[in-house]
Amino acid sequence: MSNLTSAIQLTKDSRYKLNNGQSIPVAGFGVYEIPKEDTADLVYYALSVGYRHIDSAIYYKNQRESSEGIARFLKDHPEVERKDIWFTTKIRFEDHGYENTKKAIELIAKEVKEYIGYVDLVLIHSPHSNPQKRIESWKALQEYVLEPNNPTLDIKSIGVSNYGKRHLQELFDWDGFVIKPVVDQIELHPWLPRLELREFLVEHDIWAEAYSPLTQGVKLDDPELLEWEKKYKLPKGNILLTWSYLQGFIVIAKSAKKERIKSNLDVLPDGNSDELGEQHSFGKIELDPELLSALDKPKSHDVCTWNGVDPTLYEP
């Protein structure tokens, strides 16, 4: 069953401590499908309303513009430092393999280094190659982390996305495995709770990072959700985002509309908390226990992305 804790202490400023000691903001702004020409301005806006976590990827073709938006915000807001903003990008499955991954990092460096200096987190975007290439990619990524201030690109943390238990286990079983993924970024929402995979991640001290918490709109007209929206007088988007935070996920929400960018973050209360557990004063988020119970769908497996094909089950 999903986490049925109906209230937790969390704010817009909250961070979770990763297995390498780095601290990641719990609320992320995703730039998937945001047009390149709009990205810098929308990243700037997201930072201006309180986000401190930007999630991009090579595949999105807007990581340069994302980092440009960060740089512009930092220039205009000297009270905010580079270390206060978390930037994630991802290498594509076409970049799998040792040499290909190094070339991908060179591309990332070319596009973002002049703006933000270093990258907080690089993810392998999906497992869509084969075991050998996935391992080779991890080998290359490890080398960057093991060499702080690498002349090509300083990478603080590495992780995976869309990895299932089998993909993670092959990594753990590799005799060159040194650095554990800090997160697995996966599609998560009430219709895709992935309880078994989440338990596996907890066992290995890897955070679950939720993308498409709003189901990319697929479930927003679900009759149950519309009924709950009416009964509890809560916007349906707020219901789904609050559910994700109550599950303990790092949450990546995306929108190209300013009002939604802000409202997605406003699910969390304002606050001055730092790493979770290190402050005494927190805001609180909560859902009615009856609503939380209704959102508990442990056997549901509705994939709303990847054309309905679950990448965490990919073979080989």
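Here the Cβ of each residue, glycine as well, is placed from N, Cα and C on the backbone.
Because the structure is a prediction, the values reported are computed rather than measured.
What TrEMBL records for this protein:
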- 33-219: domain 'NADP-dependent oxidoreductase' (DOMAIN)
- Tyr60: active site, proton donor (ACT_SITE)
- Lys90: site 'Lowers pKa of active site Tyr' (SITE)
- His125: substrate binding site (BINDING)
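Counting every protein chain shown, 25 other Cβ atoms lie within 10 Å of the Cβ of Lys90 (site 'Lowers pKa of active site Tyr'). Other Cβ atoms within 10 Å of the Cβ of His125 (substrate binding site), summed over all protein chains shown, number 24. Long-range Cβ proximity for Tyr60 (active site, proton donor), meaning a same-chain Cβ under 8 A and a gap of 6 or more residues, is found for Val31, Tyr32, Glu33, Ile34.
Taking the C-alpha positions, the distance from Lys90 (site 'Lowers pKa of active site Tyr') to His125 (substrate binding site) comes to 5 Å. Secondary structure at Lys90 (site 'Lowers pKa of active site Tyr'), taken from DSSP and collapsed to helix, strand or coil, is strand. For the domain 'NADP-dependent oxidoreductase' (33-219), the predicted model reports an average pLDDT of 99.
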